[in-house]
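Reading through the structure tokens given below for one structure.
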Amino acid sequence: MMELEGEKPKYGEPRKYDPTFKGPIYNRGCTDIVCCILFIICILGYVAVGILAWSQGDPRKVIYPTDSRGQFCGQAGTPLETKPLLFYFNIMKCASPMVLLEFQCPTTQMCVEKCPDKFLTLLKAYTNKEDFKYYKNFCKEGLEGLTVTQILSSGLCPAMLTPSKPFTRRCFPALDQKKGGEITVGNNSKFDDGEGNIRDAKDLVAGVKNATVVIEARQVVMKIFEDYTQSWYWILIGLVIAMLISLLFIVLLRFLAGIMVWVMIVMVILVIGYGIFHCSMEYVSLKSEAGSNVTLKDLGFQTDFSVYLHIRQTWLAFIIILAIVEVVIILLLIFLRNRILIAIALIKEASRAIGYVMSALFYPLFTFALLSIVIAYWAVTAVFLSTSNQPIYKVFNETACDHSRKICEPANFSTSSMKAECPDSKCLFAFYGGETVYHKYLIGLQFYNVFLFFWCANFVTALGQMTLAGAFASYYWAFVKPDDMPAFPIFSSLGRSLRYHTGSLAFGSLILSIIQIIRVLLEYIDHKLQGTQNKCTKFLLCCLKCCFWCLEKFIKFINRNAYIMVAIYGKNFCTSAKDAFFLLMRNMIRVAVLDKVTDFLLFLGKLLIVGLVGIFAFFFFSGRVKAFENTAPNLHYYWVPILTVVVGSYLIAHGFFSVYAMCVDTLFLCFLEDLERNDGSAERPFLMSDRLLKVLNKKNKPEPAE
């Protein structure tokens, strides 16, 4: 086979022969010390921010709803422990535009044991002892001896009760919608508002902020939760099957790489072909079904996703997408068949490397554990920071008042001048805030928390890449394998990375984190300016987001190869990034063809595992196979466990294949260096395997006879 030759651009000087070079340099020094010190200082600052947030924050503000006095409903160890739900005296006042500004409904709110379950007005309940006893559960204390007028004027009770249901620990009217579109509450379309007026149930909709959507969303969430409770163990079985298939696939690649790659390609084509056939059958079978010709645009958004499966256009879209994927894969195989042979040889070499470094397959578990710690610390700190404000009370009123929305103190509000000037006003809890130095810089601390989260997460990922790169590079450059390799390549490489190159890891991850935080800020600006942007601003923001997305991908590519060079030569990040970039540019054709073809083949492996597990999950959970009808759980939405299994299977397969991908990238760079350092002579023999030598039409010359 002809070598992948092209006119090499003059990017830097090619590597020269070095008889002393035998793989990763062991006699190395610390790199990027300044960035290492900066990273340690920032980590200490991050710990300080966490301690400060934990001392000031109160997660109860997120867990429990807050009444008008700032008390937490349902908090254990308090008088309100048995009252976990928040009740609104007049939910219709929540339709006020001020709610959007103050994030608080201008009506009295109190904690109750359960939501009201019937229509009742104070005037009617006052005349019946049993009804009034029930009504008192939704009133403040101090009703004895007061008339209805006095109770209402003092704001001790709501004027009416409507049947309600709890949602997010708050009592919302039990709204429903009949087939004709009529809104009802408690099966009634009208109700008495307690002030002598008969109101339509639809008047409550604005108060609960599009309650019909909330009802549908609540029902969907509850059904999904029920589906998970019914199918969680089957989901776990599916994920275990995905793990076993991935592990089996890796083991088979170790011994039968060439056969497995071609089998994988054929199976992917067959699986996609079967998908096209199945979708075509569904499309044809819906031809005679009434309503199946409705377009997706006319159907709109439906909370019951199974509705879409009864529309012919849905299956037509599936057919087109799968057909395009099938054609693209077949064309790539036709035009890149020679390159695939070289990629298979590289995969075989990676399989041999993993065979000598089997512990590498389990290294992603260590990375996953570290990432879990980083994510947990960020999430907990974010919650404590967001709940470290103090309760702020403001004046709420229904009539004109000069003190409206001013800060007040509920303890002495009844005797204050504000109450005297505005008799109908109330001092209610508004939101959490503060005027101290800590509260003024709270947004900065949140920003710091997000930035350090990106930096630490990227650092953990970089540590995994450098560790694996060092282990696999020690395999490639070992003249006699495994005698010239370290006893424990992974642990040896991990120790070198942490001892000497923490600064380089921090440097590379810092650059990536800065770009990621800029992308977050652009998304934040776009969200804040939503609806107020002109076309020029939208275009500019879209271009910026696209540019920084591309820049992030490029930096990830540069960082990955830079870490490989750091792991081999022990130089600083910038020098390693430059060397890696110039090495790749001097071999641009090989990079564009060979390395990417290898990535494509590994992607097909992940696709095959996900496809096999996904098809099995589909037939099992959908009940399409009679053998599984009595075994499969009864579900509201069978796509819930199917989607969970598919996503989980991809993550599991990606975890296993990420080791392969890192191995291939490391061996690829070593392979390029080998071609530049050596020429195949007895003095400078190639260190690549005989398979690669044969595929590249290279060979080592035998030593001359004495």
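The backbone N, Cα and C atoms fix where each Cβ goes, and this holds for glycine too.
Computed from a predicted structure; not experimentally measured.
Per TrEMBL, the feature transmembrane segment maps to 31-54 (among others).
Proximity of distant same-chain residues to the transmembrane segment (232-253), defined by a Cβ-Cβ separation under 8 Å and at least 6 residues beyond the stretch ends, is recorded for 260-261, 347, 351, 354, 361, 605, 609-610, 612-613, 616-617, 620-621, 632-633, 641, 644-645, 648-649, 652-653, 655-657, 660. The transmembrane segment annotation in TrEMBL covers 232-253 (among others).
Per TrEMBL, the feature transmembrane segment maps to 259-277 (among others). Sequence-distant contacts of the transmembrane segment (259-277) (same chain, at least 6 residues past either end, Cβ-Cβ under 8 Å): 249, 252-253, 318-319, 322-323, 325-326, 329-330, 333, 340, 344, 347, 601, 604-605, 607-608, 611-612, 615.
The transmembrane segment annotation in TrEMBL covers 315-336 (among others). Long-range Cβ contacts of the transmembrane segment (315-336) within its own chain (Cβ-Cβ under 8 Å, at least 6 residues beyond either end) map to 265, 268-269, 272-273, 275-276, 279-280, 282-283, 286, 296, 309, 593, 597, 600, 604.
Residues or ranges marked as transmembrane segment by TrEMBL: 356-385 (among others). Beyond the transmembrane segment (356-385), the same-chain residues lying 6 or more positions past its ends with a Cβ under 8 Å from any Cβ of the stretch are 49-50, 53-54, 56-59, 62, 247, 250, 442, 445-446, 449-450, 452-453, 456-457, 460-461, 463-464, 467-468, 471-472, 475, 481-482, 485, 488-490, 655-656, 658-659, 663.
Same-chain residues lying 6 or more positions outside the transmembrane segment (450-478) and placing a CB less than 8 Å from one of its CB atoms are 21-24, 39, 42-43, 45-46, 350, 352-353, 356-357, 360, 363-364, 366-367, 370-371, 374-375, 378, 382, 484-486, 489-490, 492-494, 496-498, 501, 505-506, 508-510, 512-513, 516-517, 520, 559-560, 563-564, 566-568, 659, 662-663, 665-667, 670-671, 674, 687-688. According to TrEMBL, the feature transmembrane segment maps to 450-478 (among others).
Annotated transmembrane segment per TrEMBL: 498-522 (among others), in sequence order.
The transmembrane segment annotation in TrEMBL covers 600-623 (among others). Through the fold, the transmembrane segment (600-623) approaches residues 231, 234, 238, 241-242, 245-246, 249, 261, 264-265, 267-268, 271-272, 274-275, 329, 332, 340, 343-344, 347, 629, 631-633, 635, 638, 641-642, 645-646, 649-650, 653-654, 657, 660-661, 664 of its own chain, all at least 6 residues removed from its boundaries and within a Cβ separation under 8 Å.
Sequence annotations record features per position, and here TrEMBL assigns transmembrane segment to 635-653 (among others).
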